[in-house]
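Reading through the structure tokens given below for one structure.
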Amino acid sequence: MSKRPSYAPPPTPAPATQMPSTPGFVGYNPYSHLAYNNYRLGGNPGTNSRVTASSGITIPKPPKPPDKPLMPYMRYSRKVWDQVKASNPDLKLWEIGKIIGGMWRDLTDEEKQEYLNEYEAEKIEYNESMKAYHNSPAYLAYINAKSRAEAALEEESRQRQSRMEKGEPYMSIQPAEDPDDYDDGFSMKHTATARFQRNHRLISEILSESVVPDVRSVVTTARMQVLKRQVQSLMVHQRKLEAELLQIEERHQEKKRKFLESTDSFNNELKRLCGLKVEVDMEKIAAEIAQAEEQARKRQEEREKEAAEQAERSQSSMAPEEEQVANKAEEKKDEESIPMETEETHLEDTAESQQNGEEGTSTPEDKESGQEGVDSMEVEGTSDSNTGSESNSATVEEPPTDPVPEDEKKE
């Protein structure tokens, strides 16, 4: 009898009384009801986790896996549970848990970070332990034994189904388990065989030329359709961006062309204006300015001289008029003092004037002398006007003096 490994479950004790002649009984207990005895009535073979029906096939239990790391809140709860329980001995468990939950919510992020760090560290260790657990000989042996048991159960179910079709009895008696044969599935020989097969399988996978694809790199059909749609949308967007870039490039080239054209036109205009520039001779300009000033001075002197001459002529023309006014005043005085004498003198004057008039009309020489005086006055007026227009003076010309009648000249 081989030694049982530590991970193997303890064997089921054999029943005290066997009743092979009674169909349907597996392990008879005289103190139990017949309906609660271990019957095998053709149900699902998986309903019995430990011992199956009449074949005695057992499904082994897996070895104990590593303990999962505690969550940060559970770590904090374990740490402060005794303290809260001691301070509140009369409270119930759920009330204490409520208090601890409020304390956890009141903690700052820095205080919670300590428990989070511990949890993350233990989680990394747990993942490593799970990898070692899945690769351990005990777990591999459990997998092999479980697969064999499931295969045997399937075979038994097929046989039972065939018996039912052939009309064989529905119930069968489960045979008693032999403690000596219980360890055959977990013997050292089976463990060594499983380890040997595992090692050779790993070596063949490592040394094989085929590359094992990563599960994350496997692309499903739905994912492929989504990726195709994304590629199409990206291509459309790329074409749109390329069209926008072409438009921007065209606008830039147009602006650049206009800028260059304006620059060329400006340079040409500047060259033309530089070619048309006149050299300035300051001496010549100074001489022209002096000449213009001299001419302006001469014109000013001429205008002043002409103005003085016009004033003299106006004064000379005004003197006979003043004499006439004075004579008229004296005549009025004489008429007032001697009215009779004035009448006589008036008659004589009228007679003389008539005689003079007859003489003036009869003698052509007097007419010619009068016409010459008028012509001379007109010539003087035209000469004055010509001199005034040539000098461009702003002075107003004096009107030509009226010709003096011959009677007044004689007086």
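Positions of Cβ are set from backbone N, Cα and C atoms, glycine also.
Taken together, the residues of the DNA-binding region (66-134) have an average pLDDT of 90. What Swiss-Prot records for 66-134 is DNA-binding region.
If you look up Swiss-Prot, you'll see 46-57 (among others) marked as compositional bias 'Polar residues'.
Counted with DSSP, the compositional bias 'Basic and acidic residues' (153-168) comes out as 14 helix, 0 strand, 2 coil. The annotation compositional bias 'Basic and acidic residues' is assigned in Swiss-Prot to 153-168 (among others).
Remark: secondary structure over the compositional bias 'Basic and acidic residues' (294-312) totals 19 helix, 0 strand, 0 coil, with classes taken from DSSP. According to Swiss-Prot, the feature compositional bias 'Basic and acidic residues' maps to 294-312 (among others).
Look at Swiss-Prot and you will find 352-363 (among others) tagged as compositional bias 'Polar residues'.
The compositional bias 'Polar residues' annotation in Swiss-Prot covers 382-394 (among others).
The SUMO2 cross-link annotation in Swiss-Prot covers Lys3 (among others).
Taken from Swiss-Prot, the feature SUMO2 cross-link applies to Lys92 (among others). Annotation for Lys92 (SUMO2 cross-link): no spatial neighbours, criterion Cβ-Cβ under 8 Å with sequence separation of six or more.
As annotated by Swiss-Prot, SUMO2 cross-link applies to Lys131 (among others). Following the DSSP three-state reduction, the secondary structure of Lys131 (SUMO2 cross-link) is helix.
Note: Lys146 (SUMO2 cross-link) has non-local neighbours Ile59, Pro60, i.e. same-chain residues 6+ apart with C-beta under 8 A of its own C-beta. Under DSSP, Lys146 (SUMO2 cross-link) is assigned to a helix (H, G or I) in the three-state scheme. Among the features that Swiss-Prot reports, SUMO2 cross-link is placed at Lys146 (among others), with the record citing similarity to another entry.
Shown in sequence order, the list is empty: the chain has no residue 6+ apart in sequence with a C-beta less than 8 angstroms from the C-beta of Lys166 (SUMO2 cross-link). Per Swiss-Prot, the feature SUMO2 cross-link maps to Lys166 (among others); the stated evidence is similarity to another entry.
Annotated SUMO2 cross-link per Swiss-Prot: Lys277 (among others), in sequence order. Annotation for Lys277 (SUMO2 cross-link): no same-chain Cβ neighbours under 8 Å separated by at least 6 residues are found.
Feature annotation from Swiss-Prot assigns region 'Disordered' to 1-23 (among others).
Feature annotation from Swiss-Prot assigns region 'Disordered' to 42-70 (among others).
Swiss-Prot lists 153-175 (among others) with the feature region 'Disordered'.
Summarising the annotation, Swiss-Prot assigns region 'Disordered' to 294-411 (among others).
If you draw a 10 Å sphere around the CB of Lys131 (SUMO2 cross-link), it holds 10 other CB atoms from the protein chains shown. DSSP assigns Lys277 (SUMO2 cross-link) to coil in the three-state reduction, outside any helix or strand. Under DSSP, Lys92 (SUMO2 cross-link) is assigned to coil, being neither helix nor strand in the three-state scheme.
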